[in-house]
Amino acid sequence: MALADLARKGLFLFDPETAHGLSIAALKSGLVPVCPQKTDPRLRQTVAGLEFFNPLGMAAGYDKNAEVPEALLRLGFGFAEIGTVTPKPQSGNPKPRIFRLAGDEAVINRLGFNNEGHAAALERLKSCARDALIGVNIGANKDSEDRVADYVAGIRTFYDVARYFTANISSPNTPGLRDLQARESLAALLSAVLAARAEQAAQSGRRVPVFLKIAPDLAEEGLDDIAEVSLAHDLDGLIVSNTTLSRDGLSDRTHANEAGGLSGKPLFARSTAVLAKMRKRVGEALPIIGVGGVNSAETAAEKIRAGADLVQLYSCMVYAGPGLPASIVKGLSALCDRERLASIRDIRGTRTGYWAEKNL
Ligand SMILES: Cc1cc2nc3c(=O)[nH]c(=O)nc-3n(C[C@H](O)[C@H](O)[C@H](O)COP(=O)(O)O)c2cc1C
């Protein structure tokens, strides 16, 4: 058994949150095997003006405090998203608050934006290489009296160190946060956030893209509203999706009744359908990052076929281990060989119609 496999099995002896902390410590220590970033030109992507070595990123929530973004890139990811960070540090919900559903390759979490706050993450990001493709996922404190102001503070604080921003309004674990997805609230949020970005861009001469991360638990009308408001503002892209409140598709009922957001394999179908429905609505105007249940090169490719420009993952790495990003990237190159593609982008949108027709 490979060392990484052994380490992964060992981590399962610990509760999920302790295991997560140990995996961060392992990445910090450099104990995890490194995958040199091979640059298959067919996997290179330019999205929102940024150049990605490959289309696979680490999703937000793994490295909430920006402790190991460069180590994540060394595992083979083309980009890494840190956060969600909130202005003030906060401890999140009482433990236990992460649950493994191993039979389903799924996770339920109700962490509630536990993080060390803006200042701590900023200090760490200042020491990262300027060209490392690190995105900063911003949110609002639970007790905030002005949530929009918290997002604006995120833009101002991290402007010099972020290659892109994600405004996360879709965590189910901060009461009321998802209400920011409603038409009027979203318009107010985007106006304020994008005005702050415009100010910073004018001062620095550098325009940092801003993406919006949405929930998979939206009905068709909700998707219409988000698409319209997004297109009416100077937004750079959508991330589809966050975790779901639904418990559909679970065979392992052990923790099914725990409150929180479900992620991993059972989220794949719903998040991919929502992604395709958004692609239909926004056309070519906005890049989309597809996330939810990616566990292989084939599922990553299917997100791209459904209309994604880039793909992210988190939960399935808990089960597959740190070799997963490198194996997916290799698998995408193999797919390019097999299908004689000049670029992985050639499959983008080829199955948007199929996925967009699914009932939510
Ligand atoms: C333990 C855990 C913590 C997460 N924390 C965040 C977070 O802080 N911010 C965020 O935008 N998404 C967060 N997510 C959601 C992921 O970024 C991702 O959108 C979701 O899990 C679906 O992808 P996956 O099925 O590959 O995990 C979290 C997910 C998990 C499992």
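Note: Cβ is positioned from N, Cα and C throughout, glycine not excepted.
Model confidence over the domain 'Dihydroorotate dehydrogenase catalytic' (43-334) is summarised by a mean pLDDT of 96. Taken from TrEMBL, the feature domain 'Dihydroorotate dehydrogenase catalytic' covers 43-334.
For LYS64 (FMN binding site), the Cβ neighbour count at a 10 Å cut-off comes to 22, with all displayed protein chains included. Taken from TrEMBL, the feature FMN binding site covers ALA60, GLY61, TYR62, ASP63, LYS64, THR84, ASN137, ASN168, LYS213, SER241, GLY264, GLY293, TYR314, SER315.
What TrEMBL records for LYS64, ASN109, ARG110, LEU111, GLY112, PHE113, ASN168, ASN173, ASN242, THR243 is substrate binding site.
A coil conformation is recorded for SER171 (active site, nucleophile) in the three-state DSSP classification, outside any helix or strand. Residues or ranges marked as active site, nucleophile by TrEMBL: SER171.
Within 8 A of the CB centroid of the substrate site residues LYS64, ASN109, ARG110, LEU111, GLY112, PHE113, ASN168, ASN173, ASN242, THR243, the other residues of that chain are GLY61, THR84, GLY92, SER171, PRO172, THR174, GLY260, GLY261. Note on the binding-site residues GLY112, GLY264: the fewest other CB atoms within 10 A surround the CB of GLY112. When the CA atoms are compared, the recorded positions lying within 10 A of ASN242 (substrate binding site) are SER171, out of the candidates TYR62, LYS64, SER171.
Proximity of the binding-site residues (ALA60, ARG110, GLY112, ASN137, ASN168, TYR314) to ligand 1: a Cβ under 6 Å from the molecule is found for ALA60, ASN137, ASN168, TYR314. Spanning the listed FMN site, residues ALA60, GLY61, TYR62, ASP63, LYS64, THR84, ASN137, ASN168, LYS213, SER241, GLY264, GLY293, TYR314, SER315 have a farthest Cα to Cα distance of 20 Å. Spatially close to SER171 (active site, nucleophile) yet at least six residues away along the chain are THR84, GLY112, PHE113, GLY139, LEU177, ARG178, ASN242, THR243, GLY261, judged by Cβ distances under 8 angstroms. Within its own chain, ARG110 (substrate binding site) has ASN93, ARG97, PRO172, ASN173, GLU258, ALA259, GLY260, GLY261 as residues 6 or more apart in sequence whose C-beta sits under 8 angstroms from its own.
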